[in-house]
């Protein structure tokens with residue numbers, strides 16, 4: 001009857017009558033597992049794969065062994081009912097250290113909070129530029145020009161998206177192709193509210209043909225302020241988020257930036273007759289009291305202090321599919 005060999009690394013069945021001094025190839029040592037490496041204490045080979053470890057050929061020859069090794073002896077645990085509970089307690093003093101409570105994330109405030117006008121800081125460069133152009137004082141000459149019905153050759157059409165200029169009486173008869181809505185910049189996409197042809201490229205956005213036909217508007221008194229797009233970008237540090245709007249010669253007395261903890265509304269008047277509007281639903285929460293606006297001759301920087309020092313994934317909070325459906329229904 002064939003018997004099972006219990007030598008480590010063998011595990012074969014053998015005939016006791018044919019058992020010789022070199023019939024078994026086995027490991028006399030013990031398994032060693034260290035730093036993900038597996039091997040036997042009796043030989044140097046090591047491997048990280050357990051199946052490979054099991055297939056390591058023994059390093060010693062001898063007789064097959066049919067005796068099952070004894071199971072490891074479990075330590076005897078003596079209990080006495082007479083011992084009091086105090087005697088069973090450990091003989092050292094216990095120190096229970098309570099872990100600090102985790103820092104709770106700031107709960108997102110309601111978007112319906114009242115809006116506050118951010119402080120405007122006007123740079124010396126902007127003051128000099130406005131004085132030079134006489135835009136801040138509004139001279140009598142400018143007023144007369146605005147009230148005049150005369151249209152100068154080369155005057156640009158005031159309709160949004162129209163790039164035509166006045167070339168004479170024939171321009172009065174031309175059909176103007178323009179955008180009747182306002183430019184919208186949202187989550188990296190740029191489009192007009194009237195036709196919603198979205199693009200991520202600013203130059204492509206500027207080149208979009210209008211969706212409405214009508215008459216050119218050549219004079220300021222007919223057009224009022226002209227809403228135009230402005231290139232803008234943003235960056236952040238650990239504690240602040242800064243938006244840069246590239247609008248030249250902005251007018252502080254006609255511009256305002258208002259915000260609450262999660263919303264930002266930007267209204268900038270620049271170069272006398274141009275307006276830029278942008279409403280932003282902020283990704284994070286800001287400290288309105290510590291936020292401000294810096295106006296220079298070439299751009300406007302909106303510096304918003306973060307309510308908590310964390311990295312924003314984006315400037316704007318993405319809208320949910322439900323909100324997009326509700327907006328499409330409203331439109």
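Here the Cβ of each residue, glycine as well, is placed from N, Cα and C on the backbone.
Swiss-Prot annotations:
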BINDING   157, 162, 176, 216  Zn(2+) 3 binding site
COMPBIAS  64-82  compositional bias 'Basic and acidic residues'
DOMAIN    157-216  domain 'CHORD 2'
DOMAIN    227-316  domain 'CS'
REGION    2-77  region 'Interaction with PPP5C'
REGION    62-82  region 'Disordered'
REGION    65-316  region 'Interaction with HSP90AA1 and HSP90AB1'
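Features as recorded by Swiss-Prot, highlighted on the structure.
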residue: 157; record: Zn(2+) 3 binding site; Cβ within 10 Å: 21
residue: 162; record: Zn(2+) 3 binding site; Cβ within 10 Å: 19
residue: 176; record: Zn(2+) 3 binding site; Cβ within 10 Å: 18
residue: 216; record: Zn(2+) 3 binding site; Cβ within 10 Å: 24
How does the region 'Interaction with PPP5C' (2-77) divide up by DSSP, counting helix, then strand, then coil residues?
8 helix, 20 strand, 48 coil
Provide the three-state secondary structure of residue 176 (Zn(2+) 3 binding site) computed with DSSP.
strand
In DSSP terms, helix, strand or coil for residue 157 (Zn(2+) 3 binding site)?
coil
When the pLDDT values for the domain 'CHORD 2' (157-216) are averaged, what is the result?
84
Name them in sequence order: residues not among 157, 162, 176, 216 whose Cβ is within 8 Å of the mean position of the Cβ atoms defining the Zn(2+) 3 site.
158, 159, 164, 174, 177, 178, 214, 215, 217, 218
